[in-house]
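Heads up: the structure comes next, in structure tokens.
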Amino acid sequence: MRLKGEIHNPCYDEEEEKVAEENGRELNSIVGVGISPPPKLVVGYALTSKKKKSFLQPKLLGLARNMGIFFISIDLNRPLSDQGPFDVVLHKLAGKEWSEIIEDYRQKHPEVTVLDPPNAVQHLHNRQSMLQGVADLNLSDCHGRVGVPKQLIVTKDPLSIPNEVDKAGLKLPLVAKPLLVDGSAKSHELFLAYDQCSLSELEPPLVLQEFVNHGGVLFKVYIVGEAIKVVRRFSLPNISKRELEKLAGVFRFPRVSCAAASADDADLDPSIAELPERPLLENLARQLRQRLGLRLFNVDMIREHGTKDVFYVIDINYFPGYGKMPDYEHIFTDFLLSLVQSKHKKRPAT
Ligand SMILES: Nc1ncnc2c1ncn2[C@@H]1O[C@H](COP(=O)(O)OP(=O)(O)OP(=O)(O)O)[C@@H](O)[C@H]1O
Ligand SMILES: O=P(O)(O)O[C@H]1[C@H](OP(=O)(O)O)[C@@H](OP(=O)(O)O)[C@@H](O)[C@@H](O)[C@@H]1OP(=O)(O)O
Ligand SMILES: [Mg+2]
Ligand SMILES: [Mg+2]
């Protein structure tokens, strides 16, 4: 017998199919034979193949299985309500159609924890709404200040950009980022602009953000429910005044901070590498969690070079590359189990 939600999905590669089948087979035998206790938690997932590979690693699946957590692939060709039953649905897929499906499912199945609500995820698909409100967070008394670099949104007419930048008082160099983040490679194509005239070469819609010197180190703050994990990553080096005077043009740069190579073990200047203080991160994460209505995201933070505690949030990502987060399998399984526990707590005693 096959479990509901396990019918062949053409998006699968063979390895993924095997993982899901193994999970399902085991779940069946546990439920059917009745030797082991029933699974505590069934997690349905709808993820891209890239995400399945990086997230559903054997170390996560193995630990989860031992804890009674089973991951089942959602079949995108069948109605979601016919699959499961799930306790949790994990999802990251692009497109309006999927958002509507998952929102409809959420409304009809309030007993299922959908991670995360599509309208909240949507908020991060636009680099303007993504950072809205970060500067207003109340982080006083909290071991540092957190802001957003000065930025300008350009939606049309590239020829007007130099003038708009001038009017807005934005200082060069600028980082140009596509306004919309839709999971495509194009939405991660970023440029550094060294002079005002060349800005008209850029393709709106985009965000122009002041480049903040930060010593070439970035802090990735991963959030999984209540848990926070921060890692250092390599980033763009400082740009000196001299360099700025010498250079003109817009230059595309690669995805520097996405590389799995962490800067955690590098021999770095301590004033640059020192992690933001824990109370600051806890406060930031708590407020962002509330404000965004999300439980799975990460925040890219930089420290203004030459300061001890002036930070900027430059990017927030939904369901980021947790596979690269140290200890992610324990953090994730603990989080999933905490969802069942909080559900039980909410249930009225009979
Ligand atoms: N305002 C800024 N000042 C200095 N460096 C910046 C700034 N904005 C971006 N960067 C650098 O460019 C990189 C990419 O920027 P950003 O994180 O906004 O793009 P992204 O495509 O959303 O990245 P991700 O892969 O994390 O989703 C950052 O990791 C950082 O190294
Ligand atoms: O590529 P990875 O798996 O590492 O994860 C990256 C993730 O890609 P994926 O969701 O397709 O996996 C990106 O998502 P989209 O914006 O493109 O939707 C974004 O969240 C990055 O910030 C993540 O890198 P990290 O911030 O964790 O270093
Ligand atoms: Mg980023
Ligand atoms: Mg991003």
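For all residues, glycine too, the Cβ spot is worked out from N, Cα and C.
What TrEMBL records for 42-121 is domain 'Inositol-tetrakisphosphate 1-kinase N-terminal'. What TrEMBL lists as 1D-myo-inositol 1,3,4-trisphosphate binding site is Lys51, Lys92, His188, Lys220, Asn317, Gly321. Under the heading ATP binding site, TrEMBL lists Arg127, Lys177, 209-220, Ser235. Annotated domain 'Inositol 1,3,4-trisphosphate 5/6-kinase ATP-grasp' per TrEMBL: 143-337, in sequence order. Look at TrEMBL and you will find Asp300, Asp315 tagged as Mg(2+) 1 binding site. What TrEMBL records for Asp315, Asn317 is Mg(2+) 2 binding site.
Distribution of TrEMBL features across the structure.
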residue: Arg127; record: ATP binding site; Cβ contacts under 8 Å, 6 or more apart: Lys177, Pro178, Leu179, Leu180, Val181, Val207, Asp315
residue: His188; record: 1D-myo-inositol 1,3,4-trisphosphate binding site; Cβ contacts under 8 Å, 6 or more apart: Pro178, Val181, Arg255, Cys258
residue: Gln209; record: ATP binding site; Cβ contacts under 8 Å, 6 or more apart: Pro149, Lys150, Gln151, Leu174, Val175, Ala176, Lys177, Ile314
residue: Phe211; record: ATP binding site; Cβ contacts under 8 Å, 6 or more apart: Pro149, Leu172, Pro173, Leu174, Val175, Leu192, Leu236, Ile239
residue: Asn213; record: ATP binding site; Cβ contacts under 8 Å, 6 or more apart: Asn238, Ile239, Glu304, His305, Gly306
residue: Val217; record: ATP binding site; Cβ contacts under 8 Å, 6 or more apart: Arg232, Arg233, Phe234, Ser235, Ala263, Leu268, Ile272, Ala273, Ile302, Arg303
residue: Asn317; record: 1D-myo-inositol 1,3,4-trisphosphate binding site; Cβ contacts under 8 Å, 6 or more apart: Leu124, Val181, Phe297, Asn298, Asp300
residue: Gly321; record: 1D-myo-inositol 1,3,4-trisphosphate binding site; Cβ contacts under 8 Å, 6 or more apart: Ser54, Phe55, Cys258
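Highlighted here are the binding-site residues (Lys51, Lys92, Phe211, Phe219) whose C-beta falls below 6 Å from ligand 1: Phe211, in sequence order. In this structure, Lys51, Asn317, Gly321 are the binding-site residues from Lys51, Gly215, Val217, Asp315, Asn317, Gly321 whose C-beta falls under 6 Å of some atom of ligand 2. Highlighted here are the binding-site residues (Gly215, Val217, Phe219, Lys220, Asp315, Asn317) whose C-beta falls below 6 Å from ligand 4: Asp315, Asn317, in sequence order.
Checking the binding-site residues Arg127, Asp300, Asp315 against ligand 3, the ones whose Cβ sits under 6 Å from it are Asp300, Asp315. Secondary structure of the domain 'Inositol-tetrakisphosphate 1-kinase N-terminal' (42-121) per DSSP, as helix, strand and coil residue counts: 36 helix, 19 strand, 25 coil. Each residue contributes its Cα atom, and for Lys92 (1D-myo-inositol 1,3,4-trisphosphate binding site) and Phe219 (ATP binding site) those atoms are 23 Å apart. In the three-state DSSP reading, Arg127 (ATP binding site) counts as helix. Secondary structure at His188 (1D-myo-inositol 1,3,4-trisphosphate binding site), as computed by DSSP, is helix.
For the binding site of 1D-myo-inositol 1,3,4-trisphosphate, formed by Lys51, Lys92, His188, Lys220, Asn317, Gly321 according to the record, the largest Cα to Cα distance is 20 Å, rounded to a whole number. Cβ neighbours within 10 Å of Lys51 (1D-myo-inositol 1,3,4-trisphosphate binding site), excluding its own Cβ and spanning all shown chains: 21. For Gly215 (ATP binding site), applying a Cβ distance below 8 Å and a minimum sequence separation of six or more within one chain yields Pro237, Asn238, Asp269, Ser271, Ile272, Arg303, His305. For the binding-site residues Lys92, Lys220, the largest tally of other C-beta atoms within 10 A is found at Lys220.
Packing around Asp315 (Mg(2+) 1 binding site) is summarised by its Cβ count: 20 other Cβ atoms lie within 10 angstroms of its Cβ, all protein chains included.
Of all Cβ atoms in the shown protein chains, 25 besides its own fall within 10 Å of the Cβ of Phe219 (ATP binding site).
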